[in-house]
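According to TrEMBL, the protein carries these features:
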- 38-92: domain 'EMI' (DOMAIN)
- 96-228: domain 'FAS1' (DOMAIN)
- 232-363: domain 'FAS1' (DOMAIN)
- 367-490: domain 'FAS1' (DOMAIN)
- 494-624: domain 'FAS1' (DOMAIN)
- 1-18: signal peptide (SIGNAL)
Amino acid sequence: MARPPLPLLLLALGLAAAAKSPYQQVLQHSRLRGRQHGPNVCAVQKLIGTNRKYFTNCKQWYQRKICGKSTVISYECCPGYEKVPGEKGCPAALPLSNIYETLGVVGSATTQLYSDRSNLRPEIEGPGSFTIFAPSNEAWASLSAETLDSLVSNVNIELLNALRYHMVDKRVLTDDLKHGTTLNSMYQNLPIQIHHYPNGIVTVNCARLLKADHHATNGVVHVIDKVIATTTNTIQQIIETEDSLETLRAAVAASDLNSLLESEGQYTLLAPTNEAFEKIPRETLNRILGDPEALRDLLNHHILKSAMCAEAIIAGLTMETLEGTTLDVGCSGEELTLNGKPIIANKDVLATNGVVHFVNELLIPDSAKTLFELAQESEVSKSTDLFRQAGLSSHLTGSERVTLLAPVNDVFKDGLPVIDSNMRNLLLNHIIKDQLSSKYLYHGQKLQTLGDKELRVFVYRNNLCIENACIAAHDKRGRFGTLFSVDKMLTPPSGSVMDVLKADHRFSTLVAAIQSAGLTENLNRPGTFTVFAPTNEAFRAMPQGELNKLMGNAKELANILKFHVADEILVSGAVSALVRLKSMQGDKLEVSMKNNVIHINKEPVAESDIMATNGVIYAVNSVLQPQASRPQERGDEPADPALEIFKQASALSKVSQRNPRLAPVYSRILARMKENSGGF
C-alpha cells in the first residue's frame, strides 16, 4: 500500500490536533508542564487556601492566578494513571474495573457508598455501557444536612433517583461533550445540560468536571464538583415563581420578552432583583418603565447570548448581550463580577433554556440613558454643570434628537467660565440638531446647531474634528441624544478670513498688506484656507529697510503673503508630528507640534484655530520667508555658481595638502571653476 505524500500526512496530523476539544488541549498543556517530573504527570494550579484545582493553560501558567487570586503549582498523576513505588512519575494505568470499583479509586468514595445504599450498585457493577457524572466527596459534604437527609431517608428512592439523574446510558467522553448540548439522563430521560467552554472548562448543569475520562469496563466516570439537581423550569418560569424578581416580572411582561425567555435556547439572564430596581432614582426608573424601547434595551442588556456558568469564569472575559452591547464578566475569588463590580447575589440558578444569576444592581445601557446621564458618568461632567447653569438642561434630558459636543473636564481645569448671553449662545452651538454617529461623518459635511450656526466636519488621518474641536473619545449613544467628547471649547466661524483679520487689531498691518497686494478678494471668497497670519509685532520685527522694500513691491509682497496661505483647512488637532502643506506661492509649509505648541517652519504659533467661514487662521509673530526669498550669506546678492565651486575647492585644497591622494580631485575642480567663470 502506497504511503500518502508527506505534506498530506502533516496536514492530516495538524487537523487531528486541531480537532482536540478545549478540555483536551488544556490537559495536554498540563502534561507538557509536568513531564519533567516523569511520565503521565500533570501540572495543576491550586488556589491558595482552598481545595480548588485546575489544569493549567498557557495564560494561567504565566499569570499564576485564578479569579485574581494567587495559585501554587502542584504535580499529580494525570487522569487514568497512578504511581508505582520506586519509579518516577505515574507510569502505570489505573486498573480497569467496573464503574462501582472505579468510583472508589478516583476520589468519589461517597458516591460509591450511596450507590451501594440505594441499590444502584448491581447495575453499575454489571454489563452495559454507562457514563456517570460522579460528585466528589467534597461535593456531597457541602450539601446541607436537610438536603442530604431528604435524599437518604426516603426508603432510598430519592437517593436512587438522584444518582440515576447523574447517569447516561452510553459511554460519553469529554470530546463528545459539546458546548450547548443536552444528554438524556437515566432518570425519566430528564436532560442534563453540557457546556464546554473555550478555556477548557466543562460543566454539567453548571457543575465543573474535576477529573474526566476515567475508563471502566462498563462505561466511563467523570468526577464533578457539585451534586446536580433536575431542572424543569424555563427562565421565564423562574422569574414568575421568584418573589425577589417581582419588579423584573412586570418589566418583562411590559416589554413582551416572555416568549423569548420561554423559548428553546441557551441564554444567561442577569436578573435584577427588586432591590436593584429600588436603587435607581424614581424619576429615572419611571422614565425607562414608561418608554417601551428604553425598557426593552434595558432588559436585553441583562441577557447574554450564551449560557455562562459561574464555574467557567476563571478570568475576565467580554460577553455580548442581546442588545448588541458587551459586558465584562469576571471573578474575584469566589465572587462573580460585572464590569468589575461584585454585584451578583445568587449564581447558577439553572433553567432548561439557560442559567440565571441574580444581580443586586441594575445595568442601564447607554441606549436607555439621557444625554445628561451619559455625560455625568463620563469625563465631561463639568460640561453638564455648565449647560445646567446656562439653563439648557432640557435639551439634555428630553426627547429631542440632538448630538452634544461636550468638552472634556481638562478643558476647565482653571474653572468654569462665567455664564452670560454670549456664553449661553456658544453652548447652544455645542448642540447639533440631529442624533449623529461619528463613524458616519464625512469631510466637508455641514452640521446645524441649536444656535443657528453651521459647523464643518474635518476628517484627518489621525483625528475627526468639528471646527476646531476634535473628538477625544468614542461616541456614547443615548436614547435620544449622542455624546461626543471633544478636546476643547468649540469656536464657531464668524465671517470670512478677511472679516476675522479686520476685526482683530493684531492684524492691521497684515490687512493693509493684503489690500496692497490685491489679495483681498481671494481671502473673501468661499474656500478652504489655512492662513498663518503675521501679527503687527511680526512686521515690526523686520529690518525697516527690508520692510519698506517689501511693502513697495506689490508683486514680491503678494508672493510673500501667498507663502502664508495653504488651500486646505488644517486645525491644530490634526497635527501630531509633522504635516506638510503646499502654500499658494508653491513652496511647502511644515507644520509640527512640539511641547503642545504648534510650529510653522519651526517658528512657534502665538494662537491657533481662529476659525473663519472659509478657513482657519494661526497668529504668528514672525514673517515667514520662502526658500528663494531668504537672504543669502552675502547680503542680497544672488548666489554665484562659480563662487560656490570656489568655496568647495578651497575646502578641498586644505584637505589635499594633508592627503596627496586627493590632489587629482582638487585639480579637476579648479579646471571646472576656470571653465565656468572664465578665470578669477
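Cβ atoms here come from the backbone N, Cα and C positions, even for glycine.
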When DSSP states are grouped into helix, strand and coil, how many residues of the domain 'FAS1' (367-490) land in each?
36 helix, 32 strand, 56 coil
Summarise the model confidence on the domain 'FAS1' (367-490) as a single mean pLDDT, whole number.
95
Quick check on the domain 'FAS1' (232-363): DSSP residue counts for helix, strand, coil, in that order please.
49 helix, 39 strand, 44 coil
